[in-house]
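Quick notes on the structure that follows.
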Amino acid sequence: MSLQMVTVSNNIALIQPGFSLMNFDGQVFFFGQKGWPKRSCPTGVFHLEVNHNHIKLKPTIFSKDSCYLPPLRYPATCTFKGSLESEKHQYIIHGGKTPNNELSDKIYVMSVVSKNNKKVTFRCTEKDLVGDVPEARYGHSINVVYSRGKSMGVLFGGRSYMPFTHRTTEKWNSVADCLPHVFLVDFEFGCATSYILPELQDGLSFHVSIAKNDTIYILGGHSLANNIRPANLYRIRVDLPLGSPAVNCTVLPGGISVSSAILTQTNNDEFVIVGGYQLENQKRMICNIISLEENKIEIREMETPDWTPDIKHSKIWFGSNMGNGTVFLGIPGDNKQVVSEAFYFYTLKCAEDDMNEEQTTFTNSQTSTEDPGDSTPFEDSEEFCFSAEANSFDGDDEFDTYNEDDEEDESETGYWITCCPTCDVDINTWVPFYSTELNKPAMIYCSHGDGHWVHAQCMDLAERTLIHLSAGSNKYYCNEHVEIARALHTPQRFLPLKKPPMKSLHKKGSGKILTPAKKSFLRRLFD
């Protein structure tokens, strides 16, 4: 095992506890940033590029048929293949917390549409569920099992907010363990079924889960109700015949007490557990090897890396699995320094670099760190908004346009705001209203006063009008201030000059036309 400190060259403030990493064909992608995405990276998904111990976050884009994906922290993620023989895989994302401290109950499917040296395009789709739909939660796990040529998702554990009938103003963000139910999710038909297994008595969260073929192993975790980290080890086996699925659970000996650990796969049948906690504020510095052979599991301690003094003395640490036997770790910065980063980051390699991608497809675990403050709002619970200036993705340097300093302007206007008293744009349920929208609502900038942003949908704008306004450079005003705008543009009124009709300039009864000199004299006379 080799431990190496790395530096993050840009957007370091986005990396906070609760993020997730996805590995597509050896490329690592960061998901679950702090705060809402900004226009520089509306997807909120970044390519985590590591070069000579330097990490750079490069924004990725979504295809036009993608749905909106909020930045979820502490979600459950896993890889999914249509079959064991399939080469391409997708990522399943369920649950998690939004920056507004709301919990998600949605399932998203992430897949790569196209990629080259400069751009990676994802397709994100939302999967609707029917039946026993799992409640919104975080700190749980989701895995995929394969049996008799079929596949099924298995969801377990986690925490959720107390029911509204039990929530008070003082304890509005209080959470409780989810019921220890096992959910089977059919990703093809969108059906979910709940199973009650007598062996599972506690709703564990932040546990480790390993899936291989038709079996899932649940290891460790934290029971919030009892405030313990039981050294339990469960084996859940799922049989998928033509009829109803069969689910059974077995309690195995040899478990370990740990929560919020990170799991990485080093070869086809071997995994490594890194990090986590054994007590409330005591990190677990021991690493373990997990071997799966012939439907048997063996857990043993291994030689630990040479932890740095900063890691040893820090109270918390967090991270995620980068794939290929590598773990990404973060610890708080030293506040005693005059200039200090919020977090320091390390990469821990537990395997050789020549590990192939096929060996990582079964690593499905809940790898986020444990929430340090369940009863209090997150530090980033305030809504983060898009910056007012848009940056195009066209050009050679499109990935370098994200400005970390924009994180300080959330008090200004942005997309995820209540733009007017009748605004009904919900960040959690927003869907494109105009064909020109992809990952964010269209906005109109009202020029009244200091200016403010308004959703084009709330202004009842036709798409043709929206395109026309976006293409021009003229000022325009929202519905609330449109009367002011009209008053500003109304010209001043002047009384018209009274001029005699031309026929009065003719001499009556003479039949003769006046000469120009006489006409000029008469005009001066009348005026």
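A Cβ is built for glycine as well, from the same backbone N, Cα and C atoms used for every other residue.
Unlike curated records, TrEMBL annotations are generated automatically.
Annotated region 'Disordered' per TrEMBL: 357-380, in sequence order.
Taken from TrEMBL, the feature compositional bias 'Polar residues' applies to 358-370.
Summarising the annotation, TrEMBL assigns compositional bias 'Acidic residues' to 371-380.
On the 0 to 100 pLDDT scale, the domain 'Recombination activating protein 2 PHD' (414-491) averages 78 in the predicted structure. According to TrEMBL, the feature domain 'Recombination activating protein 2 PHD' maps to 414-491.
Per TrEMBL, Zn(2+) 1 binding site is recorded for CYS419, CYS423, HIS455, CYS458.
Annotation source TrEMBL lists Zn(2+) 2 binding site at CYS446, HIS452, CYS478, HIS481.
If you draw a 10 Å sphere around the CB of CYS458 (Zn(2+) 1 binding site), it holds 21 other CB atoms from the protein chains shown. Each of the binding-site residues CYS423, CYS446, CYS478 was scored by how many other Cβ atoms lie within 10 Å of its Cβ, and the smallest score goes to CYS423. Shown in sequence order, ILE417, THR418, CYS420, THR422, ASP424, VAL425, PRO441, VAL454, GLN457, MET459 are the same-chain residues outside CYS419, CYS423, HIS455, CYS458 whose Cβ sits within 8 Å of the Cβ centre of the Zn(2+) 1 site. With a cut-off of 8 Å between CB atoms and residues at least 6 apart in sequence, the same chain places CYS446, HIS448 near HIS481 (Zn(2+) 2 binding site), listed in sequence order. Put plainly, the binding-site residues HIS452, HIS455 were compared by Cβ crowding within 10 Å, and the winner is HIS455.
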